Each structure stands twice: as structure tokens, then as C-alpha cells.
Amino acid sequence: MTDSTLKVAITKKLKHFQLDVDFEVKKGVTGIIGPSGCGKSMTLQCLAGLQKPDSGEIRLDDQVFYQSDVRINVKPKERKIGYVFQNYALFPHMTVEENITYGLKGKSPEEKKQKAFDMIEKVQLAGLEDHYPEQLSGGQQQRVALARTLVTEPELLLLDEPFSALDYHVKHILEQELIRILEEYYTGTVLLVTHNMEEAYRLCDNLILYEQGQIVQSGKKEDVFHRPATVSAARIIGCQNLFPVHSVSEAGDHLACKAGDLTLQILSQPVPEAVDHMGIYAENIHFRKADDHTDNLFDFTIAGRLKGIHRTSVTIHVENTLSLTASVPNEEVDSLSQEDVKVELPPSQLFLLESR
Amino acid sequence: MAEGINLFPLFLSFRVALTATLLAFLIGIPIAYFLNRSNGRIADIIDTFLTLPIVLPPTVLGYYLLVLFGRQSSLGRMLEEKFDITIVFTPTGAVIAALVVSIPFLIKSARSAFAGIDPSLLNAARVLGRTEFNIFLTIILPLAWRGIAAGITLSFARALGDFGATLMVAGSIPNETMTMPIAIYDALLAGNRDLVNILVLIMTAVSIAVLYIINRLEKKLNKGQPL
């Protein structure tokens, strides 16, 4: 029994930077996140054999897909990898059934039909067998793409921005559906590429953060989101408030950090070697009436607002020394201007970073 | 030749044009495929030479072919001695002239049709375990068929109508190498206006019919394919 462990250590020179990554992925869903053009999709293409790295090694359990020093580069058709492309890449001149049977080889036509039929049932496309891709909705197309791949029983499944081609209102439904299909019918390793943090958090177990072809951080999604290690990592996962910190010292069970003219109390946490920044998510900045028991309670002035559908981005100056962005529910925005309302930077929500 | 119209030029023209188009298809499609796959400078140079027949005057082209395949050239002599094939002043020469003037149209159309195929479709097929040749047959050809059919139509029309290159290479031997366009010119010089009118009408009618058939075929083959 194999455990579908994928080991990747590759370099490849790209137009504007060098892709140089080294990671290991086990069963479950792992997300590669990063801004557009950071080498995410290129990594998937190298895994599938559609692009050749300059050097390194790719292996799945004991199968070697690519190894530069012994000149092994297995062809895509022999890697048994499932790949769902960004635009699904359904063959427009083939029906749903023909698309799904396309990857089945060496089987009798009856066997193929039966397998395709079973898969069509599983992804709830029954009745659409004879339709052409252009006659399907975005969600149906995605299910055909998934079915076409899963029916070949791949040991590794690669999903390249699976939701970017979809309308906002169907995205959530389809995410749930994707999770359902994967949970019920797929037991291997899944690697998902996205630039959407929310999506990554909802779908993945583990995350790998990419920037300019390098891995910035990787690990369990909770750790990566709540304890980014570097300024780059914090930026990629969408932390809007990053500011320099001058000193960190122990103060009882807390740490005291100087940022601007402020001294901030934060919860004890591993201090990065070259700590020079702090961060807090916009959603974690709170506002409350002044009292004596709360740590990190400061005066502030409002410098700007940007109203969204549900929440407003409020830019505040804290004690005239620190500029932060807070995300406040629209109905609470007015209460910020009341007297003796202060801003709270909860000690448990602040994290230390190094800029490296 | 008083009353009956000699239809030999009509049949010869179609035989030559059909043969030339078939050859253009068999030779042109692989060339277009490889030109599309390789985007280097060599591909550009090859492409330039393959496009030359569109720009060059047909008589210039015909002259080159005459030099290349004539008795004075080693190629012409070898073909004649080893394979007993004579090119100059034969129907075979007419086919070669028609092929050379018409193949650029097919290659151009096919190449841009191949280039129009979304590369991720080919990648999807690769990951799904197909060989390149199999992908060519199951994905590339069906998806590029519209462009290829247009190329076939164009190259057939060009082959059917060629005058200059054919005249240079194959001459105008009645009942042997005299194709329709040449026969029309011949009849006009002889002052036989009735014959000219009839030949021109026949040529026009048959051309329209052929183009119509190819167009219909193209539409049918494209069912189920998005625009």
C-alpha cells in the first residue's frame, strides 16, 4: 500500500525569476498560494511532465517522475496524474461521455462505457451524456473535467485555479461539491493552486506559500494563517497591517513590544531570530469603550473609510504614531466616532515577523 | 472540331487540380503541423519560402520548375533515367505546377488553424495518456478541420485556375497537357468566341458547385464545435 507521498525539489529558470522549490506533500488537500505569476502553475506543469525543470527531482512514493542527475523525465502519459486545468480544457468537439472516456485505455468499449456511466452518476451529470461542453454551465463543466480525470484513477490530483472561471454566486456551492466529490471518491493526494486565500483556507488542509518562485512558508493551514513567520508570508495571506517593531522584551507571561511610540503587550510566542515587524489582521482590530482591564487600548483618529457591501475598511491613526486598517461591520462604523471609544489590538491576535 | 466541344481540357483540369490538392493535403498538413510546433527562426525561414509561390509571378515560378525538372537538370535526368518519369510537357508537370502554386494556401490556413487550438486541450490529452500522433488525430485535426477545409478550398481553386506556371512547365499540347484556362486562351486567340463562352461558363458553374460542396462539407463536419 502506498501513501501517495509527493516529493518535489526542482529549479527552473523562468522569464523574470528562478523557480526554486522544495516540498513534500502527503494525503489530503494541499494548497499552493501566491500572487499571479509566482510559479504556481509552472510547478503543476512540471509535476505533470508538461514542462521540464532545469534540475532536481520529482517522485511520488517510489516512482521517479523526474531526476536530473540520472536524466529521467517520464512522459506525461505515463505519470498517471490527474490534472484539472484552469479553464477545464474540455474537448469542445466531444460529448460529455466522450470527454470522460477519453483517458480510459486498454479496456473494451462496454467496460469504458460502464466506468464512464458510474462516474457520471457520481458527479451527478446523468442525462447530460450527449451534451457538448458549450451546452453546459460552468459548474457542470467543472464536474465533467473532474470526472474525466478521476475516472482514470490518478494517484495524484492537480487542480489549477479550479474556481477562477466561475461566477461568484456559484463558487461557494461548487467548493462544497468539490469537497464532497473528493472526500467520497478520491483518496490520493491533491495539490490545489489558487491566489484566493479564503478559497485556500476553506478547501485545503495544508498550505504552501509562494513568492517569486520561492516557498515563503508551508505547514498546516491554521498555523500558516495565524502564525505567518515572515512579512512576505503575512502579505500573501492577506494581512493588511504590517508595521516595524523596535524591540521585544519579556514582561511576565507576556512579551512587550515597542512599535512607534507605543508599547504593545502580546501573548508569548516564539520570537523570530531577526524579528523586526508585527502584524494583525484588519478583522481582528476591535473598538470598545475605555476601561482599565484591557491591554493594548489606545486613542485613535479616523483617517479614511472605504465602504464595502458588508464591512467598511477604516484607516486609523493610533496615538498619532501608527497607521492601521481595520475592518468593521457597516452598522458599527458610526459608533467609532463616539466619545471615549478606543481601539483594541488584542494581545492574542498580534504576531511577530521577520522581514528576511 | 466543328460542332462538338472538346471536353478534354475540362477533365484534365479537374484531374490535375484534384491530384494537386490531394498531394497538397498530404504534404502540407504535416508541414503546417511542424511549423506550428516549432517557433524558431528556422520555421520562419521555411515559412517564407513556402509562402513565396503566393507572391511570385506564376511564370517566374514556372520557369524555376522548368529549370529544376528539365532535361538539363540532374534531378530531371535522374527522374527520367531511374524512374522513367518525365515532368516537363506532361500532365505530371501540370500537377506539379498546380501543387506548387496551391500548397501555400493550404499550409497557411492549416497552420493558423493549428495555432488557434487552445494548448491546454493538448496538455489535457497528454495527461490523459494519449500519444502525440493520437492527439493529432483525435483533437487537432477535428478542431482545425474548419480552417483546413478553407485551405483545401482555396488551394483547389488556385490549382484549377492556374495558367502561367502550368503553361511554362506543361505547355499547351492539345489533348495532352492543355488545361481549361489554357484552352480558353487558345480558343480566344483562334477567334472562336462561342467556344470561349461555353468553356468559361462550364468552368464557372463547376467551380461554384465544387466550392458549394466543400462549404457544405465544412459545415457538417463542424457540428458540435463551438464558434
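Every residue number used here counts from 1 along the chain in the order it is shown.
Including glycine, each Cβ sits where the backbone N, Cα and C put it.
Feature annotations, reproduced from TrEMBL:
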- B:10-214: domain 'ABC transmembrane type-1' (DOMAIN)
- B:12-35: transmembrane segment (TRANSMEM)
- B:42-65: transmembrane segment (TRANSMEM)
- B:85-107: transmembrane segment (TRANSMEM)
- B:135-157: transmembrane segment (TRANSMEM)
- B:195-214: transmembrane segment (TRANSMEM)
Item to check | Cβ contacts under 8 Å made by the transmembrane segment (B:195-214) with residues that lie 6+ beyond its boundaries | outcome: 5, 9-10, 13-14, 149, 152-153, 156-157, 160, 180-181, 183-184, 187-188
Item to check | Residue numbers, six or more beyond the limits of the transmembrane segment (B:85-107), whose CB comes under 8 Å of its CB atoms | outcome: 12, 15-17, 19-21, 23-25, 27-29, 31-32, 35, 50-54, 58, 61-62, 65-66, 69-71, 76, 79, 148, 151-152, 154-156, 158-160, 162, 165-166, 168-171, 173, 176-177, 179
Next on the checklist: For the transmembrane segment (B:42-65), give me same-chain residues lying six or more residues beyond its boundaries with a C-beta closer than 8 angstroms to one of its C-beta atoms, as numbers and ranges.
Outcome noted: 31, 34-35, 87, 93, 96-97, 100-101, 103-105, 107-108, 111, 162-169
